[in-house]
């Protein structure tokens, strides 16, 4: 067989094998070891701080790492508690004012429908009558199913909360133990027979973390803050919850803040609330320009992945892995690409010629 054809077949089979293996590992094995992977990443991120702090305790890294984890735990718990408290208050306020909001919504919908009747030249009241005929049954069924749905979902939710707390403390304890033996783990990795291969992959993942994920987290945070201020400006009582939701939504491919803000602006314009519509449209423009500026300035060509390619990667990650695909998609792509390029270089050097 011609060597060129043989090499292409080797690369094709290798590519399929690598892609399949990476998918299976992240789909079925990663969820089991995820707490310890997170713990190792935290130990890696806090290694320098733990080293400096351990000098105050005669080189005892267990004490130093424990202090860092306690501080981190306090910060995380404080943030979660504050956000949860605000969400609880705003949810409680919404439930207490549910009837009022429904009446207000009906009035707004009636105004919009009347305006549409005038614009389209149809008989006044026809649009709202059509909506009422189609919505009455839907609303009645939704209200009947609401309480059973909440009751059925409460027990799994409590179980998930307890599991999250347990995993959280397992991660913190694992970080302390990993930090203690970090140098030994590092030496073992350097002596491993796959040291060079592992280094190639970890270097690429390190670049992905420092460039892509940092920028995405910063964009999400700034987007959420901008949206919260915008909602406060229009006196929306659920500013914090909506701001956080839009901050998270903005990170998803083919979505973004415009998915919510543009339709909202149109509804406000039709209802005659021009100031609120202008504020939300301004928020959309600012968040859109923010993402474009941050991605071009801090990512650009440094990552070696085109924006469209990244969108496809994240979308495929979401399809294959669920919500964690936002992270696992890019990670899988980098690992697969790095391994394939490494195998290609080895093949070109003749080291895989006997396959």
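Cβ from N, Cα, C; glycine included.
On a predicted model such as this, the values are computed, not experimentally measured, just so you know.
TrEMBL lists 62-85 (among others) with the feature transmembrane segment. Under 8 Å from some Cβ of the transmembrane segment (62-85) lie the Cβ atoms of residues 42-43, 46, 49-51, 53-54, 56, 168, 172, 175-176, 179-180, 240, 244, all in the same chain and six or more residues away from its ends.
Below 8 angstroms of C-beta separation, residues 35-36, 38-40, 42-43, 46-47, 50, 61-62, 64-66, 69, 72-73, 76, 185 of the same chain, each at least six residues beyond the ends of the transmembrane segment (157-179), sit close to that stretch. Look at TrEMBL and you will find 157-179 (among others) tagged as transmembrane segment.
The feature transmembrane segment is assigned by TrEMBL to 211-232 (among others). Note on the transmembrane segment (211-232): residues 238-240, 242-244, 246-248, 250-251, 257, 279-280, 282-283, 286-287, 290-291, 294-295, 298-299, 302-303, 305, 310, 327, 330 of its chain, located 6 or more positions outside it, place their CB under 8 angstroms from a CB of the stretch.
Residues annotated as transmembrane segment in TrEMBL: 238-257 (among others).
Residues or ranges marked as transmembrane segment by TrEMBL: 264-290 (among others).
Look at TrEMBL and you will find 310-343 (among others) tagged as transmembrane segment.
Only sequence-distant pairs (6 or more apart) were considered; of these, at least three Cβ pairs between the transmembrane segment (264-290) and the transmembrane segment (238-257) are under 8 A, so the stretches are in contact. Counting only same-chain residues 6+ beyond the ends of the transmembrane segment (238-257), those with a CB under 8 A from a CB of the stretch are 83, 86-87, 90-91, 93-94, 216, 219-221, 223-228, 230-232, 283-284, 287-288, 291, 311-312, 314-315, 318, 326.
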